[in-house]
Structure formats: structure tokens, C-alpha cells
Amino acid sequence: MVKTQRVVITPGEPAGIGPDLVVQLAQREWPVELVVCADATLLTDRAAMLGLPLTLRPYSPNSPAQPQTAGTLTLLPVALRESVTAGQLAIENGHYVVETLARACDGCLNGEFAALITGPVHKGVINDAGIPFTGHTEFFEERSQAKKVVMMLATEELRVALATTHLPLRDIADAITPALLHEVIAILHHDLRTKFGIAEPRILVCGLNPHAGEGGHMGTEEIDTIIPVLDELRAQGMILNGPLPADTLFQPKYLDNADAVLAMYHDQGLPVLKYQGFGRGVNITLGLPFIRTSVDHGTALELAGRGEADVGSFITALNLAIKMIVNTQ
């Protein structure tokens, strides 16, 4: 890395394990400066509950970034709306969570930060606070005015991107249009090259229907939509294999010759990935004008403040973001 970079972290729901995980991240040295967008008392109280040392250093945007030393975090303060009891949601803090996300996103857009790593949020409490919120991905897409974003989850061994995300099953077939597939595959291909450093990405594409439609006998979306799009993109030089039946695609004979899988919908691709690497997975938002990674788990309210939360996914998300920073320099 040519110079030390700053990454911004949002711990997420303050009553959940996000603050615990951030405190655990601070127990080791990092080659980047970790700027945490959070309430100071929340972090120091949670560190005390966990019995872990933590020193908060003020964020100085006009000073050169410094590698983070063990036992420290750089604080970009955002005040809680209500005091926090570990494990107990407070509706007003839905506003606090969104404020941290907005500040972190804006800092990435204006060049303050080289990447954003997000902890788990509780969508219900944010909506209960009167803020329409469907997820990080959609929030950052809207705030950054990105034309289109793509959700991808990854472990060290497998990357799975989604053509559609949080849609009911009954709506998915209608959503799989030529325009959507062109856009999603273009973003996936571009970001695999620029953010992951893969010169010629090899992408496996799932069919939509069982047996990838069985030649039109189990649905015609493959024939009518998916195959024509793949043929057009192959003619442009992309390396695309598919559409393949999703129940056989996730085998070494296919995966060993691929850099990513494109699944048509959420529960087609993610169960395999989460079974293979739950707790070590990372959520990446492709198509944003900045790097964003996230943990692949929820708020786990019942574990907050108890010292039982596994920091593995957060470490993986941070390490991946650092690699992506290097690839984009």
C-alpha cells in the first residue's frame, strides 16, 4: 500500500453485537486507520463489559492517516438518541443508526475514506422509527446516486452475486429481463476486474428454472432471456458459462474454473455459500463509487455485551476491503 488509508466502520445496531465486534477488532494492529462512526460512550461501555482495553482517538481529517495500533480506535462521534442497554432495542436509536450510515457514506463519496465496513443493523427498529429502510445495499445505492448496485457475498473460496435481491419468489421471473441481466453482469464483470484485480473474470451463470428450464419444458426464461443475453456478452469478450442448473453448478468441476457465480435470486445462491462458510462470509456491494463490505450475520441481540460474539466475519470483511483498496490504487 503506497500510503496509509482510512477506512470507516459503522457498528450498526447499538443494542446488538456490532459494538462488541468493533471493540474486538481494536485488539490487534491494522495497516489502515480505523475510523469508527459511533457514540463514544457506547464503545467504552461495551469495552468495559467485555473486559477489553480501548482508547478512543479523535478523528483528525486534516492529519495524515496512521496505521491503527492495538487497543485503539479513531472516533468520528455520532451521538445516541437514547441510552443503550445491551440486547434491548430502543426505537429512537433507529435515527442514530441511519445517521452513522449517512455520515460514513458521505465520507466515502467525498474522498475522506477509502472503504466502508458495516456492522449488522436491525431493519425493524429503523422502520419503527419512521424511516423507510430495506437494507444497507439500497440505502447506499440511493444516497450515492449509483445507477445500479449488485449484492455479492463471498468467502475465501466462493463468490456469489445476485441478479435480484429481496423480492418475493412470485415476482422474480418477471424481474429477470434482458436489461437487468446486461446491467448486473456488466457491473459484476467490471468490479471483479477493478476491485478484485481479476484481469479476465470467469463467471458461472445459474438458470432460473429447475434444470435450467430443461430445454423449455420447465420454463422458457432461459431460452427467451438468459441465453440471448449471455450470447451477446460473450460476443463482447466476456467469459460466461451458463445458464447452468443451480443444483449442479456448485461443484468443484465448475467452481474450480470460475471467479464468481451469478444466481438469479437470493435463496438460489446464498444457502450454498452460507453453508460452506457461515461466519466467514462477507457481503460486498458492487456498483457503488466506493468500496463497501459488511458482515454476513445479524445483530444477535442475545449475545450483546457477553463476550460470546464471533468477530470472524468482521475481520474477513475488513481484510477484504484492504485488499480491494490495494487493487484499486
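From the backbone N, Cα and C atoms, a Cβ is placed for every residue, glycine too.
Note that the structure is predicted; figures quoted are calculated from it, not measured.
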Candidate sharing the substrate site with HIS136, THR137, LYS274, ARG292 (per Swiss-Prot), from ASN257, ASN283: ASN283
Record-annotated divalent metal cation site (Swiss-Prot): member among HIS122, HIS189, HIS266 besides HIS166, HIS211: HIS266
For the binding-site residues HIS136, HIS266, the one whose C-beta sees the most other C-beta atoms within 10 angstroms: HIS136
Between ASN283 (substrate binding site) and HIS266 (divalent metal cation binding site), the C-alpha gap once rounded to whole angstrom: 13
Extent of the substrate binding site in Å [max Cα distance among HIS136, THR137, LYS274, ASN283, ARG292]: 19
Residue with minimal Cβ packing [other Cβ atoms within 10 Å] among the binding-site residues HIS166, HIS211, LYS274, ARG292: HIS166
Distant-in-sequence Cβ neighbours of THR137 (substrate binding site), under 8 Å, six or more positions away: VAL149, MET151, THR165, THR285
